[in-house]
Amino acid sequence: MTSSFALVLLLGGVAVCVATGVFGGYSERANHQANPEFLNLAHYATSTWSAQQPGKTHFDTVAEVLKVETQVVAGTNYRLTLKVAESTCELTSTYNKDTCLPKADAAHRTCTTVVFESLQGDKSVSSFECEAA
């Protein structure tokens, strides 16, 4: 009887975690625009990705962070939805979020990126996809 009760409690707890998105899924972060960590991750992902694109001459930069979701794994996955645009900074320069501003005539694109941050603090861009302008 005790083991049946424990099993029911365990299964109920798993069901609650799955239903609320706590168990392995992404959770949306409220007040993401007030958190400078998310903006820094967005700039890291955008500048890293744009520097690796063949034929590009300028970095892309973040115009706006639209949405942030996190997933706890062996570290944290940050799924960021962004508005990005080509910046005034050439790829031959060093990217700086304060000086690499969007070009006045640049088209803004909506992009989704996933940045993985390990438990040791190392970051990498897992994916970066944009809708057509």
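Cβ coordinates are placed from backbone N, Cα and C, and glycine is handled just like the others.
The signal peptide feature in Swiss-Prot is assigned to 1-19. The feature site 'Reactive site' is assigned by Swiss-Prot to G24. Positions annotated as domain 'Cystatin' by Swiss-Prot, on the basis of sequence analysis: 30-117. Under the heading disulfide bond, Swiss-Prot lists C89-C100, C111-C130.
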Same chain, |i - j| six or more, Cβ under 8 Å of C89 (disulfide bond); the result in sequence order is H58, F59, T61, Y95, N96, T99, C100
Residue counts for the domain 'Cystatin' (30-117) under DSSP, helix then strand then coil, are 19 helix, 42 strand, 27 coil
Cβ density check for G24 (site 'Reactive site'), other Cβ within 10 Å (all protein chains) comes to 10
CA pair G24 (site 'Reactive site') / C130 (disulfide bond), Å rounded to integer, equals 25
Three-class DSSP assignment, C130 (disulfide bond), comes back as strand
